[in-house]
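**Q** Supplied in structure tokens, the structure appears directly below.
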Amino acid sequence: MASEVIVISDHARKEAGTVSVFPVLIHTDYARVIEDVRKVEDQFNSEMKTSIDTKTTADFPELGLAHVTAFTIPYCRPDRLSIMTRLTEITFFNDDYYDDAGVEKILDYNNHLRECFGGRAEDELTKASAVTKSKQLQASVLVEMHYIDSELARDMMLTYNRILEVTSLGKNAGLKSLDEYLPFRIGNSGIEVYQDMSCFGMGVKLTKEEKEKLDPIVIAAHNSTTLINDYHSWPKEVRKYFNEVQATGKADLPVNAVCIFMQTEGLSEQASRQRVREEIIAQQKSHLAMIQDLVEQEGPLPEKYYMYFKAAQYTASGSEYWAAITSRYPTKTELNQPEVIIVDGELKYESSEIQQTPKQIATTFNGIPESAKSIIESKVNGTSAHIPDIRHSPADGAQTHHLISDGQFREVINGHANVHTNGKANGTSQGEDLEVYEVTTGNFQRAPEDTVLAPYQYIASLPSKNIRNKFIDALNLWLGVPPLALSSIKRIVEYLHHSSLMLDDIEDNSTLRRGKPCTHMLYGNAQTINAANYAFVSAFAEVQNLQSPSAITIFIREVQNMHRGQSLDLSWKYHTHCPTVDEYMMMVDNKTGAMFRLCVQLMQAESSVPCQKITQSDFITQLGRYFQIRDDYQNLVSSEYTTQKGFCEDLDEGKISLPLIYTIMDSSPEASVVKGIFHHRLREGGLPLHLKEYILSQMEEKGALSATHSLLQKMQKELIEGLHRVEETFGSKNALVELMLRRLWV
């Protein structure tokens with residue numbers, strides 16, 4: 001912890017116009033990290049081919065040049081100030097990069113229209129490569145944090161992952177008060193992650209239970225930080241709103257407390273901004289009052305509690321002082337921005353001289369099918385999962401005949417229909433004998449894909465951590481697979497993955513997948529199997545788009561391995577057979593490892609960097625094993641898995657997992673009882689709760705769960721060592737792969 005800090009004077013705060021009741025401090029080493037900021041700027045703009053200026057440093061009275069981190073984490077340990085500054089700066093760069101990309105939505109409309117209807121689209125795969133590079137920059141800092149303090153770094157990553165799973169960039173619509181708005185903003189603002197960052201910087205460690213206890217107090221301070229950001233960013237958000245309206249003809253109202261007050265209390269813009277400032281003070285006073293209440297209830301609090309509170313307080317007061325001076329947030333006066341009002345859910349300039357009618361988007365949706373509109377909208381907004389769209393039309397000049405229900409047949413030539421009768425009128429025969437017309441040879445009309453794709457589209461739409469695509473992107477930093485080939489490989493993996501999930505859920509009699517009904521529960525077994533088969537064929541068709549002659553061989557070999565491994569898993573379950581640990585590992589190497597090998601081998605085959613450095617190591621084999629054993633373990637102990645799949649769902653389906661093998665591999669009476677339960681379990685409906693609890697207790701008593709956990713921790717160490725060996729062969733680090741691994745740690 002820093003031995004001392006610099007207190008910002010009341011005079012300086014008054015000159016800046018701040019209202020926080022918390023003190024404003026700055027780290028004594030604030031000048032030392034300016035060079036870190038410049039290095040991040042140079043690196044990001046060089047890698048991303050941009051010229052972004054985050055404006056996170058400013059010239060402060062009596063201080064000179066300083067960065068926001070020095071104000072928001074003034075008690076940061078001196079040896080951690082640099083990494084906290086770099087992480088904060090990279091976060092600002094990423095925010096600005098994606099914010100600027102949002103302005104380009106109008107271009108994306110045109111590109112996606114051409115893409116959907118066969119035209120030449122802008123190469124988004126190159127953009128995706130740039131995004132991967134930006135993630136690599138951030139990942140390198142996060143990995144460095146793990147080496148400094150793995151416990152606090154992991155706390156931050158868990159918070160980050162939790163927020164990503166539940167957060168969407170929602171709209172103000174439906175929020176009827178500030179009380180509804182503030183929890184919504186806490187969820188998607190990232191302030192909880194910054195609280196963990198501050199704790200990392202200060203070295204403050206609290207248990208999960210302690211954090212939950214202090215949450216109501218800390219949230220009040222976080223609310224004030226959110227409102228501070230809303231107040232200072234408002235003019236910038238208004239400018240962005242009108243820029244987007246000018247470009248596309250529409251825009252969502254800013255997600256900002258100023259809007260909330262204007263809509264719910266009917267206040268003017270100026271009055272609403274003043275209400276925001278008043279609420280900043282109210283939230284901070286509430287925070288301090290709750291601390292005092294806690295002290296009165298419990299007596300003197302642990303020092304770490306006070307530091308935890310200060311982390312939230314200085315984030316608020318420091319960010320306000322910084323925001324009041326930095327040029328990142330221009331004022332309405334500096335923007336020469338008139339007052340705005342809300343009319344029919346839209347922002348309008350109050351001045352009548354300002355043009356009210358926005359320029360409409362150049363490309364319209366007139367004449368485009370509704371299904372295509374939704375695809376384009378979802379792609380432009382970046383919210384859709386990848387859904388296959390393989391449409392084909394009969395060749396020009398093709399002729400086909402179709403029987404129709406009234407006894408006529410339709411001859412279709414070049415898309416024009418000619419109707420002919422068959423000697424019957426209104427169902428009455430005009431002759432003595434029924435004359436039957438045969439369909440002549442010729443092209444046929446393909447059935448639409450909507451029905452066969454429906455189950456696939458459903459499972460592809462479910463929430464997912466998208467581990468496989470992240471793995472592919474991370475490996476591509478080494479392998480340099482051309483963009484089109486990389487896109488094909490991702491589609492191949494997605495088709496196979498979702499196909500296997502649909503079939504697995506049927507084979508396992510599962511009812512939940514990621515907290516939602518399994519596909520076959522909605523579409524039935526037969527239709528789901530048909531969709532899974534179609535996805536498999538689509539994957540094979542995609543392989544033909546790859547350039548390497550070995551691609552088909554790789555695909556067939558690993559898909560065969562996948563099914564061989566699955567056959568062992570299903571056989572053991574059906575016969576209640578307990579394999580040896582070695583047999584189990586062989587099954588995993590085939591069933592789970594096949595997908596990882598398929599990714600790597602296809603990428604190496606298409607790589608612009610000739611090498612076999614990854615598959616020659618045991619890294620991929622270890623990764624497949626870790627992935628499966630971790631899944632076995634989490635299914636039994638994780639509350640998240642319980643929510644998504646049900647309590648100990650593997651026991652319901654009779655799966656022979658590694659913890660179960662450890663439990664029943666001996667000849668003890670307890671092992672025999674567990675075997676008997678599995679042998680006589682109901683095929684449909686799984687096991688009663690009390691039997692699952694009994695089996696779980698036996699796993700705990702026999703040390704099966706602890707043995708599995710110990711093995712996983714040993715494998716974690718081996719995976720990092722294996723990754724470092726691969727990094728040595730490539731001659732470069734891959735922080736994205738390491739970060740992906742560390743996010744899986746148990």
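One is the number of the first residue shown, and numbering goes on along the chain from there.
The backbone N, Cα and C atoms fix where each Cβ goes, glycine too.
According to Swiss-Prot, the protein has these features:
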type	residues	note
REGION	1-336	region 'Sesterterpenoid synthase'
BINDING	Asp95	Mg(2+) 2 binding site
BINDING	Asp95	Mg(2+) 1 binding site
REGION	338-746	region 'Geranylfarnesyl diphosphate synthase'
BINDING	Lys465, Arg468, His497, Arg514	isopentenyl diphosphate binding site
BINDING	Asp504, Asp508	Mg(2+) 3 binding site
BINDING	Asp504, Asp508	Mg(2+) 4 binding site
BINDING	Arg513, Lys591, Thr592, Gln628, Asn635, Lys645	dimethylallyl diphosphate binding site
**Q** Same chain, not part of Lys465, Arg468, His497, Arg514: whose C-beta falls within 8 angstroms of the C-beta centre of the isopentenyl diphosphate site? Give them in sequence order.
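**A** The answer, listed by sequence position, is Ser464, Asn466, Ile467.
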**Q** If one looks at the chain holding Arg514 (isopentenyl diphosphate binding site), which residues at least 6 apart in sequence have a CB under 8 angstroms from its CB?
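**A** Looking at Cβ-Cβ distances below 8 Å from Arg514 (isopentenyl diphosphate binding site), excluding near sequence neighbours, one finds Leu462, Pro463, Ser464, Gln644, Lys645.
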**Q** Just how spread out is the dimethylallyl diphosphate site if you go by the largest Cα to Cα distance in Å among Arg513, Lys591, Thr592, Gln628, Asn635, Lys645?
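**A** Max span of the dimethylallyl diphosphate binding residues, Cα based, is 20 Å.
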**Q** Say we define neighbours as other CB atoms within 10 Å of the CB. Which of the binding-site residues Asp95, Asp504, Asp508 has the fewest?
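**A** Relative to the other binding-site residues in Asp95, Asp504, Asp508, Asp95 has the fewest Cβ atoms within 10 Å.
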**Q** Quick one: pull the CA-CA distance for Arg513 (dimethylallyl diphosphate binding site) versus Asp95 (Mg(2+) 2 binding site), whole Å only.
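**A** About 32 Å separate the Cα atoms of these two residues.
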**Q** Which ones in the same chain are close to Thr592 (dimethylallyl diphosphate binding site), with CB under 8 Å and 6+ residues apart in sequence?
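**A** Correct list: Gly565, Gly624, Arg625, Phe627, Gln628.
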**Q** Do me a favour and check the Cα-Cα span between Asp504 (Mg(2+) 3 binding site) and the residue listed as 'Mg(2+) 2 binding site'; whole Å is fine.
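**A** The residue listed as 'Mg(2+) 2 binding site' has its Cα 39 Å from the Cα of Asp504 (Mg(2+) 3 binding site).
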**Q** For Lys645 (dimethylallyl diphosphate binding site), which DSSP three-state class applies?
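**A** Going by the DSSP assignment, Lys645 (dimethylallyl diphosphate binding site) falls within a helical segment, counted as helix.
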**Q** Drop a 10 Å sphere on every Cβ of the binding-site residues Lys465, His497 and tell me which sphere holds the fewest other Cβ atoms.
**A** Lys465
**Q** In whole Å, how far does the CA atom of Lys465 (isopentenyl diphosphate binding site) lie from that of Asp508 (Mg(2+) 3 binding site)?
**A** 22
**Q** Which of the three DSSP states, helix, strand or coil, fits Arg513 (dimethylallyl diphosphate binding site)?
**A** strand
**Q** Around Arg468 (isopentenyl diphosphate binding site), how many other C-beta atoms are within 10 angstroms of its C-beta?
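**A** I count 18 other Cβ atoms within 10 Å of it.
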